[in-house]
Amino acid sequence: MTSTNTSPFVFANPHTKTVRAQAVPWKVLIIDDEPSVHQITKAIITEYEILGRPIECLSAYGDADARVLLKEHPDAAVCLLDVVMDTKETGLKLVQYIRKDLNNQMMRIVLRTGQPGYAPEREVFIQFDINDYKTKTELTEERLFTTLLGALRDYQSLTQLDRNNRLLTDVIDSMPEVYLILNLKGEITGLNSKALALSGLSREQGTGNKAWEALPLLNAYRTELEQALVTGKVCRVERVKTKIGQGSQYFDLMLYPLTQQAGAALILEEVSLKVRYEEMVIQSEKMLSVGGLAAGIAHEINNPLSAILQGAQNTLRRLGPEMEKNREVAASYKIDIDALQAYLKERKITEFLDHIVDAAGRAAGIVETMLRFSRKSESRKSSTNLNDLVESTLRLITKDYNLKHSEVFAATELNTQLDPELPLVPLEMTEIQQVLINLVKNAVQAFGDKLPAGNNPVITVSTQRMAGKVRLEVADNGPGMPEEIRRRILEPFFTTKEVGQGTGLGLAVSYFIITNNHQGSLEVLSEQGKGTRVQVDLPLHLEKE
Amino acid sequence: MKLLIIDDNQPLAEGLVAYFEDVGVEGVIADSAEKAKILFLQQPFDGAIVDFYLPGADGVRWVQWALEKKPNFRWVLYTGSLSYNLSKRLQGVGLSDRWVFRKPKACADDLLAALSIGMK
């Protein structure tokens with residue numbers, strides 16, 4: 001049994017059939033300064049067919065042409081190499097050239113010397129990586145055949161083993177997962193390219209390190225990993241998180257013991273997209289449940305709200321001195337309606353009634369907004385120049401009464417970075433306008449009531465063409481938000497503003513407009529102390545709904 | 001001008017009547033489609049404000065019934081259901097979303113304005 005067969009991975013030689021059909025010859029290099037040796041060797045061995053393949057002989061007669069030949073034929077199976085040629089050590093130097101300079105460990109080297117005194121067999125075998133040593137006199141035709149057969153068998157096994165190793169390495173290196181081989185101490189003995197990319201280390205730097213030192217995201221699970229290594233049990237951890245810039249990456253971790261060796265394999269599968277998708281599904285479900293609830297209660301709420309509004313408006317009207325009927329009825333009760341007006345004003349009764357009208361109007365607005373979550377956009381989308389829409393919306397925002405009177409907004413630098421190559425985007429203009437207004441207002445409010453110390457507040461609205469989509473981004477250099485808030489920021493009714501300052505629907509509605517009505521995505525990236533970016537991606541082509 | 005207000009929400013209906021009274025329009029309340037049918041047959045009305053959800057037959061059925069009796073009769077649908085839209089079938093028989101008003105955003109003068117336009 002060859003060593004190949006003891007490998008846990010046995011791969012079929014992909015060339016086997018081709019080789020047999022075309023009988024690709026074994027390349028045998030003859031390097032010797034005696035032309036007669038070439039002639040005789042060739043005459044003998046080109047008659048052979050060894051392991052089903054003929055033999056092709058290639059010749060070199062000295063150091064220089066040997067080096068050219070060796071370089072041109074790295075796939076030569078055997079090199080029959082004379083020792084004493086240009087110098088006493090030409091052959092031995094060529095061995096070094098093959099093994100070290102050309103890094104060819106596969107080629108089988110058979111030293112053939114006519115002057116064994118110059119290169120004693122034992123010393124040469126110890127010092128040089130050769131495979132056989134023969135004196136020319138002992139190489140009879142029979143011995144030459146057996147020597148070649150042995151060398152070719154070795155070469156065949158080695159190349160098969162090498163192919164398997166390369167395939168195995170390629171398989172592991174091509175894995176989309178991070179893959180580490182660990183010893184029982186948790187030290188890395190092997191790692192694939194994804195592991196190198198994640199750790200930022202070279203293969204040499206990574207090898208020998210503890211896994212949790214090379215990959216700090218494993219640090220939190222060090223105890224579990226150490227325990228699993230010692231007990232030989234499988235260890236799984238879902239959603240291992242690591243920070244990448246302003247965003248996060250998530251991995252599912254699995255460590256399992258190796259069966260043939262003391263150690264374990266550790267796999268990290270990136271599941272960031274899956275996590276994001278799950279978050280999106282949860283958001284959508286929350287929103288749809290809000291929408292469903294709103295649809296159910298809208299009628300029940302809007303009817304009494306109508307009565308409240310109508311009643312308050314009627315009351316205001318019937319207290320006013322402008323209406324002749326009011327004056328008539330008041331006079332019949334000997335009431336001076338102008339004095340009554342003065343009284344109502346002084347006691348702020350008309351103001352209270354105005355508040356009732358305002359409050360009922362706001363409540364109606366909330367119900368209407370909640371209902372957005374239950375409806376598909378019925379409006380028709382049209383191909384729109386998003387840059388124009390951004391500019392016109394920002395002009396509108398600067399005229400917004402509340403913002404115009406905000407000290408923070410007045411000091412805010414509102415920048416745009418619009419991609420001049422932006423293609424037209426299918427969208428519903430009023431909806432995207434609403435999203436942009438919400439995002440900019442949120443950014444202004446993120447700065448707080450007072451100007452932040454240090455940096456001046458800057459909000460940057462940018463557009464960018466990307467593969468199959470365009471990105472609209474609103475970025476601020478505000479205080480950012482902690483992860484626990486960022487995770488909830490899209491939930492309907494979640495707000496960090498003071499009671500009465502916001503309904504917590506603006507961002508949720510924006511999210512719904514983008515994901516539900518425009519088949520796009522909205523992502524909030526934030527880092528405390530550095531600011532927040534909201535990225536809205538809109539597809540250039542909509543799938544039929 | 002005399003309007004029929006078909007709504008089972010009494011405070012709202014009375015509020016509308018009060019508004020109309022102040023602008024010189026008479027309002028008569030029916031709190032169900034059945035009562036509205038009786039009033040419609042008994043008295044002449046220039047138009048109707050019709051709630052959609054009513055006890056018994058709904059507002060749209062009442063409008064259909066009224067239009068069969070008086071094809072040029074003016075009406076507006078006044079509904080608290082924001083998601084309500086006229087079905088294609090109803091649009092097919094001449095009912096239009098133009099005459100659908102939402103509570104509480106649309107107020108009494110919107111309704112009156114719509115009916116007055118219709119009456120020209």
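Positions of Cβ are set from backbone N, Cα and C atoms, glycine also.
Please treat TrEMBL annotations as automatic predictions, because they have not gone through curation.
Taken verbatim from TrEMBL:
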- A:27-151: domain 'Response regulatory' (DOMAIN)
- A:ASP82: 4-aspartylphosphate (MOD_RES)
- A:164-209: domain 'PAS' (DOMAIN)
- A:296-542: domain 'Histidine kinase' (DOMAIN)
Number of helical, extended and coil residues in the domain 'PAS' (A:164-209), per DSSP: 22 helix, 10 strand, 14 coil
Three-class DSSP secondary structure - the residue listed as '4-aspartylphosphate': strand
Number of helical, extended and coil residues in the domain 'Response regulatory' (A:27-151), per DSSP: 54 helix, 30 strand, 41 coil
